[in-house]
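The feature domain 'Ammonium transporter AmtB-like' is assigned by TrEMBL to 51-476. Positions annotated as transmembrane segment by TrEMBL: 49-74, 95-114, 134-152, 159-181, 201-225, 246-264, 346-366, 378-396, 428-449.
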Amino acid sequence: MASALTCSAAELLPHLGSSANATAAAEFICGRFSAVSEYLTQTTYAVDTTYLLFSAYLVFAMQLGFAMLCAGSVRAKNTMNIMLTNVLDAAAGGLSYYLFGFAFAFGAPSNGFIGKHFFGLKEFPSQAFDYSYFLYQWAFAIAAAGITSGSIAERTQFVAYLIYSSFLTGFVYPIVSHWFWSGDGWASASKTDGNLLFGSGVIDFAGSGVVHMVGGIAGLWGAFIEGPRIGRFDRSGRSVALRGHSSSLVVLGTFLLWFGWYGFNPGSFLTILKSYDHTTRGSYYGQWSAIGRTAVTTTLAGCTAALTTLFSKRLLVGHWNVVDVCNGLLGGFAAITSGCAVVEPWAAIVCGFIAAWVLIGFNALAAKLKYDDPLEAAQLHGGCGSWGIIFTGLFAKKEYVNEVYPGFPNRPYGLFMGGGGKLLGAQIIQVVVIIGWVSVTMGPLFYLLHKFKLLRVSCDDETAGMDLTRHGGFAYIYHDEDEGSSMPGFKMTRVEPTNTPTPDHHNRSVNVVV
């Protein structure tokens with residue numbers, strides 16, 4: 001925010017002459033001037049807060065995108081289960097982040113490891129934080145929990161969701177966000193004391209590591225400890241596709257996530273009414289321009305990843321698959337999230353292209369290792385998020401780094417942009433410590449849940465579907481022919497015409513089974 005305008009009656013008095021009313025006039029003018037200045041300051045706060053709140057609403061809308069994506073990616077018999085887990089990610093995460101999470105993440109002053117103020121939003125609002133900032137950060141926290149829920153879908157007990165979601169949003173995720181986003185964090189690029197890691201700090205602008213890697217690595221451990229779904233691999237170890245029941249929901253969820261990403265990445269500036277140095281550009285250029293550029297880099301990375309996946313999968317498997325394209329698109333978004341504010345648009349295209357191949361490669365490795373992740377969440381968010389962090393260390397532009405992280409003009413920037421390898425070194429450290437931290441916290445949690453038989457449902461429940469056994473009934477009236485299941489209720493099976501060269505689509509019979 002620009003510094004407040006000031007007016008001094010003593011300075012103004014010589015310009016008003018020596019009349020008897022000069023002092024009163026000077027005081028009156030300065031009083032009016034101060035009132036205008038105060039109003040402009042309040043307006044700046046209001047504009048920035050409105051921008052942040054709008055961004056928080058967009059990020060929260062991603063929760064609906066996650067719900068639709070998850071629902072479409074699982075079989076119909078588990079739809080209600082996965083939808084409920086997405087609701088509970090937000091609800092349980094809201095309370096745990098309010099009570100503990102925000103304080104652990106941003107409770108300043110604190111040490112470099114963990115925050116220790118603002119528990120239960122005590123002493124809110126303050127000069128540093130308002131309620132809008134809490135809401136925005138909560139939306140990020142539940143996004144990480146939503147990523148994890150996709151990895152362990154279709155076989156996880158409901159109580160396990162409640163436990164891991166609260167622990168992730170209330171402790172594991174906040175610690176990571178404190179390290180890399182708080183002004184006190186040991187690796188933060190915005191560290192207030194100026195003692196930056198390798199002179200640069202870690203640039204993870206909107207959370208390729210803080211959000212996507214945390215959620216992806218947590219999901220990796222959950223899915224690994226649970227094991228694959230029944231039928232995912234046959235007795236010879238060959239991969240068997242257990243396809244989701246609705247590509248339409250997958251596409252809907254993808255577009256909702258795309259929409260929400262414009263709050264996720266550009267919104268991470270937190271403020272919009274801020275000017276930049278006008279020595280090289282006109283007054284038209286400010287933080288609002290950087291926000292627009294960030295939206296462009298986000299878009300280009302996702303679009304490139306989607307098209308790369310489209311043609312690559314066509315060459316590899318011989319057909320065009322909309323679900324693969326949607327996952328590729330999201331992989332591009334997850335990758336660009338780290339450096340979206342500090343790279344050129346052309347670099348975002350490079351980011352998206354490689355992100356698509358990272359996802360394809362990790363999916364192939366997962367199949368070979370007999371690892372089962374219904375939404376490819378660990379591969380997408382963990383793998384592509386890792387690439388995005390490395391990408392930032394390679395392509396961050398000096399001018400943009402200095403604009404987004406001011407105060408240190410000699411801060412290292414991207415290796416390929418002439419900035420040396422210090423930033424890349426910091427980025428690699430981020431990848432390593434996130435993998436380590438999430439592994440030593442979430443891994444044991446999932447293992448204990450497994451040992452106490454609180455993690456995975458029984459074979460009978462998994463085969464019948466959790467909607468029937470755990471949630472009181474199905475989301476749809478349907479017949480799952482692929483599994484040969486016989487489920488009670490009203491079911492309809494379409495009977496295709498036989499021995500007919502040209503099907504008559506206007507006269508299709510329906511067999512009703514009760």
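The count begins at 1 with the first shown residue.
Quick reminder: no glycine exception, Cβ is built from N, Cα and C everywhere.
Unlike curated records, TrEMBL annotations are generated automatically.
What you are looking at is a predicted structure, and each value in this text was computed from that prediction instead of being measured.
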Stretch-level contact, the transmembrane segment (428-449) and the transmembrane segment (346-366), CB cutoff 8 A, at least 3 pairs: no
Ranked first among 95-114, 134-152, 246-264, 346-366, 378-396 for CB pairs under 8 angstroms with the transmembrane segment (201-225): 378-396
Best-contacting stretch, by C-beta pairs under 8 Å, relative to the transmembrane segment (159-181) and drawn from 49-74, 95-114, 134-152, 246-264, 378-396: 95-114
The transmembrane segment (246-264) in contact with the transmembrane segment (378-396), cutoff 8 A, at least 3 CB pairs, sep 6+: no
Of 49-74, 134-152, 346-366, whichever stretch has the most CB pairs under 8 A to the transmembrane segment (95-114): 134-152
Average pLDDT across the domain 'Ammonium transporter AmtB-like' (51-476), rounded to a whole number: 94
Intrachain neighbours beyond the transmembrane segment (134-152), with Cβ under 8 angstroms and 6 or more residues off its ends: 52-53, 55-56, 59-60, 62-63, 66, 69-70, 73, 82, 85-86, 89-90, 93-94, 97-98, 101-102, 105-106, 121, 124, 160-161, 164-165, 168-169, 173-174, 177, 207, 210-212, 214-216, 218-220, 222-223, 226, 264, 267, 270, 373-375, 377-378, 381
